[in-house]
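Engineer: Structure below; questions to follow.
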Amino acid sequence: MPIKIPIELPAFQVLSDENIFVMNNERANTQDIRPLKIAILNLMPKKIVTENQLLRYLSNTPLQVEVSLIQTKSYTSHNTPPEHLNKFYSYFDDIKQEKFDGLIITGAPVEQMAFEEVTYWKELTEIMEWSKTHVFSTFYICWGAQAGLYYHYDIPKYDLDEKMFGVFSHWVNDEKADLTRGLDDVFYAPHSRHTEVKREDIEKVSNLEILSESEEAGVFIVATKDRRNVFVTGHMEYDRNTLMDEYIRDKEKGDEIALPKNYFRNDDINQKPLYTWRGPASIVFGNWLNYCVYQNTPFDLNTL
C-alpha cells in the first residue's frame, strides 16, 4: 500500500519518479481502510530533503500511511522556504488534540549544546510528554534519540573526541527481536554526530533493551520492552550523498573534518559513495511500522 501525502508536496513527484507508490488524498479516500496516522517532527535544517528521505521508507510497506508534518514554533527554520512550511507544516498547538499511531522525531545539528540550551527544548519536552498519551509508538533519530533517552530516562550524552562520521558495521543482539527481524548478522548504517550515549547508562533502566550496537559506533538501536519508544542513534534515513554533502559543507565552513569512514571507495571523494545501508534501513522502518505500530495500535485511536 502507498503513502498518502498532498500531491503538491515535493516528495510526491520525487518518489513517483523513483517508481514508489504514492497516493493523493482523493484516491486514498476511496479505500475502505484506516491508514496509519504518522506525525513527523522535523528538526533537521533542510526539511524538504529529510521529508523525501523519511517518506521514501514509510512508503515501502504494504500499509497505507497518512503523514502530518510538524515544525517548532519556538524556532523558525532558515533553510526551508517559508511558503513550504506554511503550506505543509503544522505547529504542535494545531495537532495536540489529535492522536497518532506513530511519531518520528528527527535529529538536529545541536548535539554539542546542553539539552536545556537548545532554543526549542521546552517545546520538545512538551511534545515528548504529550506523546505518552497521544502516540502509540515514537521513533527517535540521532540527536532526537539522545534527547528522548535524556528526557524519559535521564540518560546523559557524552562528547566524542572526534565526530562519529561515516558508515559503520553493526550486529543484532537478539535475533528474535521484532524490530531487527530480517537484518543480516552484520549490517551497515550511517552516523553523523559529535556525542554518544553509553551502554552502562542504558543498562541501568530495566525497561530498555539494546537491540543493536557497533564496535566502533557504539549503541545503535534501543527500545522499550513494549516498543512504545524506539531510539536509533544513527541516520538510517540518509540518502547516498548525504554524508558527502555534510562533508563538503563543513569543509567550506573551514571546519576540521575527516572523510566519512567506509563511504567513498578507496577513500576517494571523486568516487561514487557506496550505498550500503538502504536494505537495512528499509527493514528497520518497515518493522517499526508493522510490528511496533500496526500490529498493536488500537483501531479506534480515541481509545489510546
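Using the three backbone atoms N, Cα and C, a Cβ is placed for every residue, glycine included.
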Engineer: The substrate site in Swiss-Prot includes Ser192, Arg249. Which of Lys163, Lys225, Lys272 is also listed there?
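Structural biologist: Answer per Swiss-Prot: Lys163.
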Engineer: Please give the substrate site's span as the largest CA-CA distance among Lys163, Ser192, Arg249, to the nearest whole angstrom.
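Structural biologist: Binding-site diameter by Cα atoms for substrate: 15 Å.
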Engineer: I need the most crowded of these recorded positions: Lys163, His235, Arg249. Count other C-beta atoms within 10 angstroms of each C-beta and give me the top one.
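Structural biologist: The largest 10 Å Cβ neighbour count belongs to His235.
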Engineer: Which is it, of Glu111, Glu237: the one of these recorded positions whose Cβ has the most other Cβ atoms within 10 Å?
Structural biologist: Glu237
Engineer: Taking only same-chain residues 6+ apart in sequence, whose CB is under 8 Å from that of Cys142 (active site, acyl-thioester intermediate), what do you get?
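Structural biologist: Same-chain residues close to Cys142 (active site, acyl-thioester intermediate) (Cβ under 8 Å, separated by 6 or more) are Thr106, Gly107, Ala108, Glu111, His191, Ser192, Arg193, Val232, Thr233, Gly234, His235.
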